[in-house]
């Protein structure tokens, strides 16, 4: 059978969000938003139902409704969003976006409300100014109950077994602080009485929503109730040597109930990983210098404020020994000269600083302070500690090696010695760049060495940094070094950069440090590094589909390159050279023109743009392959069957960009059941296929209730094009509105109001709400999905004039003195869709469900429209349920189109009648 072709307007996307997870409640539309309520720990499952042709792409995103949760703007690219064991931070607004490139994308949102209830906590306080060690008589006591929850918690207080309410006891007040309404509940005991010493229970409740049970907390108030107090059984500060085991002991000295003890470090720093906590005892084995600092013990019993005491661990040690030589400051000369002053400074970081002590040696012998050799030390309160040796009126005999020795007064720590040589060869540093090395050119990916030569004695450490580029904004920070730091130290004057990148181009500064050398103005030099890289081009790869005989051009664009001059290009088809050339200064692209495509012109075209650093390549695959067909999904299913055990399916599709390549001669249709082999046949095509043209092919002899995988491949004289696949599933149309998707029914957007989904213990149904603001004559229309019909082997030309019979059946409930009308229309697809009335009923039909059946005779794809019309008052709701469509005439139609409900509702009402008779 040849395909039937119908011109189809492409359809922009529509989207609807439904749930299929463990929801507690789903509120109906509120302004364009829905609210989905779920219990913490359950599974969230949302489904995005879309229509549109071509088939829209779906994208889920989230924006938190409250605190930002940018995990957050994470996206999911399929129809179902599933979050197992959802937590409270994953609540918020979820968006489903459907886009098929036509008009604007369709976007719908749903707010997910995660419900939870934490255990309540009771805290106890005295009024300000009355706090004592114990809670004496004639004091006011506050019991505060707090529980984190969503929705807001409802609190209840009990004393013993008695319920406490506002006004039930003149000595008791219950209130919520104004600034925390709904978050806490305070029980105020005024002028504490003997009967107030009792067990108090706070019960928190969110009224069993989502099945979350109430939670409670108990507090026993007595005459011993008191806030915590603690003491530390250790020295403060605690001075220890590295490698020792340190034990900090914290004990509770008061408090009822007995407080809990915890240790913490200052600034939220973590405790050492090796540490062990046992109650109030913290043990740190093999302590290191990094473990030193402040440690705090915190005690809490929910009475009054927590108690906190701190101690400091000082791990003894010496670090960062440095020295510098300062020439005579009274002369404008950086050199050391006989007869002038010279100062040697030595600096060390010590813990504890008050134990730091210095001594000086000259040529290995102790040196004491004198009139010409003046030794001074900074105050021990200043860290790091510094010692200075001032040599007044330098003499030849003063030349030698001076040693600064730093140690801790109580020993146990190795000394730090720093040698400084003072001689005629002790000269300040000079810094130069080797000849020809001040401007370096490297290729991206190379390893490059930047070198500064430093002379002088002692030889200082070299500091490398990035210099600000000329023309850069004054406020712009200098670029960081390749290792990410602002500065890098070098002891040999060499900065090695491995795998250099284009971002590392720029000016580098080498500079002498002011420590471990002369304390003089730093010497510096600059090195320019230029990193060359091959051209960056676009497109890197693209596919071009063309028909034989057509003209077209390919363009390769240059984005960036260094060097950017003397660029060359070379076009090839496969290995065959097509053309070569050079770029002009004003041009940043090159094109190749194919005047008339022949069969030899199909293949891979390349364009290489080159400079001294390499080449960038554009690749164009020119092919005559047809684009993939796009299946048309916006119909419910096939409604026809040839025999009881088999069914047929009307396959529909459009061709993507049919004019891009040669005419499509045929389609190769593949079909198979899961696990079986492909069965294939060709569907010949006559004439040119238009863009948006709907193609139809009837599949027959499909076995019920099997599903099939369908593959469709276009064929041109070039060969096979891109294939596309879909699964078809046998499904009779029966709708009880049990799922939120409403069996793909949709609300008519041109009517006055919508049908509403409602539930009873026995299932769901749809009804129209006739109360205000509805007016007499207002209409609500519910539109079915689109149904196909089969020609049963007839030729395509005869299918347009043939009609077939289907039975449309449903249950309805029309009760009340103001009941309006219920109408059913047949809407047939075509250039000008039309609605034909096929069934109508008005007025009160009694308080019971009835069934209606009606034969319909469509000649093309169709939809059913159910219209409810509001009557003269509010007493007259209309409901429908259990909608079915079957092939053939209606069997055993009810008299006057009315009967009792033959479904769950029938048994429900039958059971009620039996119970009435038994009574």
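Here the Cβ of each residue, glycine as well, is placed from N, Cα and C on the backbone.
Annotation comment: TrEMBL describes 13-113, 120-202, 228-312, 327-423, 429-528, 535-623 as domain 'Ig-like'. According to TrEMBL, the feature domain 'MAM' maps to 733-892.
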The domain 'Ig-like' (228-312) - residue tally per DSSP class, helix then strand then coil: 6 helix, 47 strand, 32 coil
Counts by DSSP class (helix H/G/I, strand E/B, coil) across the domain 'Ig-like' (429-528): 3 helix, 44 strand, 53 coil
Rounded mean pLDDT for the residues that make up the domain 'Ig-like' (228-312): 95
Helix, strand and coil counts within the domain 'Ig-like' (327-423) (DSSP): 6 helix, 49 strand, 42 coil
Secondary structure tally of the domain 'Ig-like' (535-623) (DSSP, helix then strand then coil): 3 helix, 58 strand, 28 coil
